[in-house]
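Sharing the record's features from TrEMBL:
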- 1-20: region 'Disordered' (REGION)
- 75-95: transmembrane segment (TRANSMEM)
- 102-130: transmembrane segment (TRANSMEM)
- 136-156: transmembrane segment (TRANSMEM)
- 168-188: transmembrane segment (TRANSMEM)
- 194-215: transmembrane segment (TRANSMEM)
- 222-244: transmembrane segment (TRANSMEM)
Amino acid sequence: MLPTTSKGRTSSSSTSRVNSPTFPQYLRRIIKWQQMDIEYTFWQMLYLCTSPKVVYQHTKFHKQTKNQWARDDPAFVVISSLLLAVATLAYCAAYDHSAGHAVFVVISVVLFHFLITGAGLATCCWLYAFDVHCNSFFPMFVMLYVFHYFLSPLLVAHGFIPVLLSNLLFMVAASYYHYLNFLGYYVLPFLERTAFFLYPIGFVIVLSPICKYLSAISHWTLVSGCFVSQPLSSFNIAVILSGFNPSRYFMNVYFSQRV
């Protein structure tokens with residue numbers, strides 16, 4: 001069922017919304033580097049990848065001390081955008097041939113993959129919901145932009161192993177993103193049924209081609225000392241034979257050099 005607001009704690013929700021920083025104030029702080037807590041931002045980024053529950057424990061402390069759930073410091077958004085731009089430039093340097101196209105890719109990735117997508121997904125307590133998206137996005141960025149970049153020569157190669165590893169990386173990254181979404185909304189005391197935010201993980205796993213590969217393996221049974229293949233559905237056969245590689249797909253979509 002969809003998340004709902006607890007009637008007994010509606011007043012707490014209203015208070016948090018009233019005391020949240022306004023969007024214009026938040027934007028004005030972006031150009032004031034001296035007011036940004038860079039060290040704390042990098043600490044959050046590290047723990048979002050290793051122990052995300054610790055980060056949301058600090059979110060509770062932030063609510064207790066400043067009486068607001070959302071960050072009033074845009075440092076996390078600024079640094080994430082810069083890191084995303086640098087990573088995208090690295091991809092363009094390796095897989096693109098046009099400087100103009102590279103600039104277009106960088107702008108589109110930062111704006112659409114990160115900022116506009118986060119703004120569109122934000123729901124209750126808009127600025128806090130955007131914070132949750134940013135928190136969830138960073139580990140996915142590490143996996144799909146940083147790790148993926150260094151592993152890309154292997155991941156875009158032809159063969160079963162590259163296809164398997166590429167799908168596994170994308171599946172883990174997407175699942176971890178939704179898990180962090182769940183943690184972000186779970187700490188809000190006025191929300192109920194936050195387990196709803198875990199449901200997309202099930203869809204990611206079920207729809208992943210990895211499940212089809214494992215299904216294919218499970219159809220081999222031991223009969224009289226020999227492995228015998230059991231019939232597969234036409235859908236499983238199509239997915240297995242297609243060898244869909246998300247790394248190759250997205251690299252070919254965004255960059256001029258075909259892989």
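Every residue gets a Cβ built from N, Cα and C, even glycine.
Give me the local environment of each listed feature.
Packing against the transmembrane segment (136-156) from elsewhere in the chain are residues 45, 48-49, 52, 80, 83-84, 87-88, 90-91, 94, 114, 118, 162, 165-166, 169-170, 172-174, 176-178, 180-181, 184, 245, 247-248, 251, 259: each is 6 or more residues past its ends and has a CB under 8 Å from a CB in it.
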So if I exclude everything within five residues of the ends of the transmembrane segment (168-188), which remaining residues of that chain have a CB under 8 angstroms from its CBs? That is, six or more out.
3, 13, 48, 52-53, 56, 59-60, 69, 124-125, 128, 131-133, 135-137, 139-140, 143-144, 147-148, 151, 155, 194-195, 197-198, 200-201, 204-205, 208, 210, 246-247
